[in-house]
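Engineer: Take this structure first; my questions come after.
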Amino acid sequence: MNLEKNKKTIMFLIFYTVILVFALINIESILEFLKYILKILSPFIIGCFIAFILNVLLNNIENKLFKKLNEKNSKIWAKIKRPLSLTLSLLIIIGVIAIVFILIIPELANTITIFTNNLDNYKNESLNFLNNFGINDSQIKDFFENLSLIKDDILSYLSQNKESIISGTIGVASTILGTITNITIGIVFALYILVKKEDLQRQVKEIAKAYLPNKKRKKLEEVSHLSFVTFSNFITGQVTEAFIIGILCFIGMLILNIPYSGAISALVGFTALIPVFGAFIGTIIGAFLILMVSPIKTIIFILFIIILQQIEGNLIYPKVVGKSVGLPGIWVLVAVTVGASISGILGMLISVPLCSVIYSLIKTSVKEKNKSKH
């Protein structure tokens, strides 16, 4: 019996070693293949992600907003409940995005206009500022002449490399078009998932029941449930945290008498939906807007945001988001950094709840192993 068991173990180790060696030898080809598969599946991955975000809002609308209508058990209501709830969910998300853009775009356009109209004034002020530091007009003139030479070199380079520049432009345009196409397919796929989610859940359970042993099936159900709860809590926590940041930013800007308080606070809150680094995106745009009105206020605004970020990172985020997904702060930072390097903003959004699921599974496994040893 032991001999037979040892044979199986040896065969498994040999097979595993061969596979591992093959993978290491062909690691570049395997990674390229995985990237290719990921590229093909990206619209559906985006769709699943969109569906999950919408599902959190959809469940709240169906089960809380329409709670009294659900209790009536009307057949007509049963048919229109999902389409109506889904439409409201989409309108809420589109409405939030539209409000942010309506607040920001006019202010940004106005700021660019002010900057263009006052360019001569800014130039004179800059010259006076430099003169105060002992930099005379001849030195400034030499600097601008050097800039002119650099400009000529750039124009010469552009003229000599027209074909590669056109090719690069076409490549960028193709990438943008591909991204828009993937997002469009993803949205359609997400809507289909949400309309048919109960049927899809039933089908997955039936397949798992047919092909998996009971023990593995139960484990899969546990992991799926943990993933669903973690991702749902993450989305809820992230939205709550972004709302708190937006409100605190608005109050602080009003107290400090910083211009564009409403528009910038809305932008900072909206970009705070991206974990850890999101608010800095809003800060950069906000600082540019304020700079055209008052450079001093810009410095005050940046200092205020740095303090607000410290409060958010040390108090709000760990309490609201970290606690909701059960992930320590250090692992949140690691997850966001790794996620950003792999898949940009989408990776940053997915990485925190995914890391939380892995962390929870490892934590549970370690507890079970230690318990079995005692």
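Glycine too: its Cβ is placed from the backbone N, Cα and C atoms.
As annotated in TrEMBL:
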type	residues	note
TRANSMEM	12-31	transmembrane segment
TRANSMEM	37-58	transmembrane segment
TRANSMEM	84-105	transmembrane segment
TRANSMEM	165-195	transmembrane segment
TRANSMEM	242-260	transmembrane segment
TRANSMEM	266-291	transmembrane segment
TRANSMEM	298-317	transmembrane segment
TRANSMEM	329-362	transmembrane segment
Engineer: With Cβ distances under 8 Å as the criterion, find the stretch in 37-58, 242-260, 298-317, 329-362 that has the most pairs with the transmembrane segment (165-195).
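Structural biologist: Top-ranked stretch among 37-58, 242-260, 298-317, 329-362: 37-58.
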Engineer: Between the transmembrane segment (37-58) and the stretches 242-260, 298-317, 329-362, work out which stretch tops the count of Cβ pairs under 8 Å.
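Structural biologist: Comparing 242-260, 298-317, 329-362: 329-362 has the most Cβ pairs near the transmembrane segment (37-58).
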